[in-house]
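Have a look at the structure below before the remarks.
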Amino acid sequence: MSNQHILLMSNLLPVGSNISTWWNFGSMLLTCLLLQIMTGFFLAIHYTANINLAFSSVVHILRDVPYGWIMQNIHAIGASLFFICIYIHIARGLYYGLYLNKEVWLSGTALLITLMATAFFGYVLPWGQMSFLAATVITNLLTAIPYLGNTLTIWLWGGFSINDPTLTRFFALHFILPFAIISLSSIHIILLHNEGSNNPLGTNSDIDKIPLHPYHSYKDMLMITIMITMLFITMSFTPNLLNDPENFSKANPLLTPQHIKPEWYFLFAYGILRSIPNKLGGTMALIMSVAILITVPFTHTSHTRSMLFRPLTQILFWTLISTFIIITWTATKPVESPFISISQMTSIIYFSFFIINPLLGWIENKIMMP
């Protein structure tokens, strides 16, 4: 039995002493997941998955159900917090080279894809105008698949258009996928603690480890408290800050807003989709915008794990973050000049990161060890 397992048995999870606040987002994500499951359960009790009643049932939850407005707002704002935490969590993994723990990184990528699917299904459920159009646009992308596209789309819709069967199955999927997220999270954590967490230096932590409790657990509690405080402040003062005004109208297939946009946390992928004037090409780019994370562990060329001592790669990393923000911003704008060209340029820069990064690693190796 290894030293790590002996310490685990005596309730002392060994963790590197120098891990920073960026390592707290895992526990914050777990808190978000628990919040979402609890509030989601209470919302599901009162929700009706029927196109004629769904919108009214959400209004009923907000107006008539005791504390229903709290449940609904925590669930809606909690989803945004969930994505803020997960994007920071992924950025931390990219910056400090944590993707070299391949099993953890790949299980995390699977988690991200499952989470995005769950959030998309959840966005459709209130059956507001933007919910309906987001569902129409995204599910319609299946038709881009050669030969099978139309059949798959009709199969997913449960008919020849988005209708009652579509809403029912989306509700069923939105209910069941969080349990898949719990399972994947467990696998993610088990795989992580198989080797132990890394640290900002990217070196082996074995020589300097301290127990998780009380040293790091109190730090976790502080960040969780700050996050929940932010959640309650937003819920109390600006509960509709992140909602689309179009979604306050019941879905009407005969009306189309000026431009369709999903929730803010999908805007970067939607912006990439929109920047390519071809249905199949756009769909492929949309999938690759997330799936490209799978390639990162296999294209690492630098002798140094962390970006902490790699100034050239740091510039590239912060370019990626800026690009992510710019794509998100352009996706909120109508499809017109100059937003089309900005989207296209930033999309190219976004994907370039994953090509230039291994080349820069190789160049830095030559500079450090000529």
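Heads up, the Cβ atoms here are built off N, Cα and C, so glycines get one too.
Annotation source Swiss-Prot lists heme b b562 binding site at H75, H174, citing similarity to another entry. Look at H75 (heme b b562 binding site): DSSP puts it in a helix.
Sequence annotations record features per position, and here Swiss-Prot assigns heme b b566 binding site to H89, H188. Taken residue by residue with DSSP, H89 (heme b b566 binding site) is part of a helix.
What Swiss-Prot lists as ubiquinone binding site is H193, and the listing cites similarity to another entry. In three-state terms derived from DSSP, H193 (ubiquinone binding site) belongs to a helical segment.
Residues annotated as transmembrane segment in Swiss-Prot: 25-45 (among others).
Positions annotated as transmembrane segment by Swiss-Prot: 69-90 (among others). When Cβ-Cβ distances below 8 Å are used as the criterion, the transmembrane segment (69-90) is approached by residues 22, 25-26, 28-29, 32-33, 35-36, 39-40, 42-43, 58, 61-63, 108, 112, 115, 119, 122, 227, 230-231, 234-235, 239, 241-243, 263-265, 293, 324 of the same chain, each at least six residues removed from its ends.
The transmembrane segment annotation in Swiss-Prot covers 105-125 (among others).
Annotation source Swiss-Prot lists transmembrane segment at 170-190 (among others), citing similarity to another entry. Beyond the ends of the transmembrane segment (170-190), by six or more residues, the same chain brings 26, 30, 33, 36-37, 40, 44, 47, 49, 104, 107-108, 110-111, 114-115, 117-118, 121-122, 124-125, 135 to within a C-beta distance below 8 angstroms of the stretch.
The transmembrane segment annotation in Swiss-Prot covers 218-238 (among others), and the record cites similarity to another entry as its basis. Only residues 6 or more beyond the boundaries of the transmembrane segment (218-238), in the same chain, are considered here, and those with a CB under 8 A from a CB of the stretch are 21, 24-25, 27-28, 31-32, 35, 70, 73-74, 77-78, 81, 85.
Marked as transmembrane segment by Swiss-Prot: 280-300 (among others).
Among the features that Swiss-Prot reports, transmembrane segment is placed at 312-332 (among others).
Remote same-chain partners of the transmembrane segment (339-358), defined as residues 6 or more beyond its termini with a Cβ less than 8 Å from a stretch Cβ, comprise 268, 271-272, 274-276, 285, 288-289, 292, 295-296, 299-301, 313, 316-317, 319-320, 323-324, 326-327, 330-331, 333. For 339-358 (among others), the entry in Swiss-Prot reads transmembrane segment.
Cβ packing within 10 Å was compared across the binding-site residues H75, H89, H188, H193, and the lowest neighbour count falls to H193. Comparing the Cα of H193 (ubiquinone binding site) with the Cα of every entry in H75, H89, H174, these being the binding-site residues, the smallest distance points to H89. Listed as Cβ neighbours of the transmembrane segment (280-300) (distance under 8 Å, sequence separation of 6 or more from its ends, same chain) are residues 90, 94, 97, 99-100, 102, 105-106, 109, 112-113, 116, 141, 144, 146, 268-270, 272-274, 347, 350-351, 354, 357-358, 361. Below 8 angstroms of C-beta separation, residues 61, 68, 71-72, 74-75, 78-79, 81-82, 85-86, 88-89, 92, 175, 178, 181-182, 185, 189, 220, 223-224, 227-228, 231 of the same chain, each at least six residues beyond the ends of the transmembrane segment (25-45), sit close to that stretch.
A helical conformation is recorded for H188 (heme b b566 binding site) in the three-state DSSP classification. In this structure the C-alpha atoms belonging to H75 (heme b b562 binding site) and H89 (heme b b566 binding site) are separated by 20 Å.
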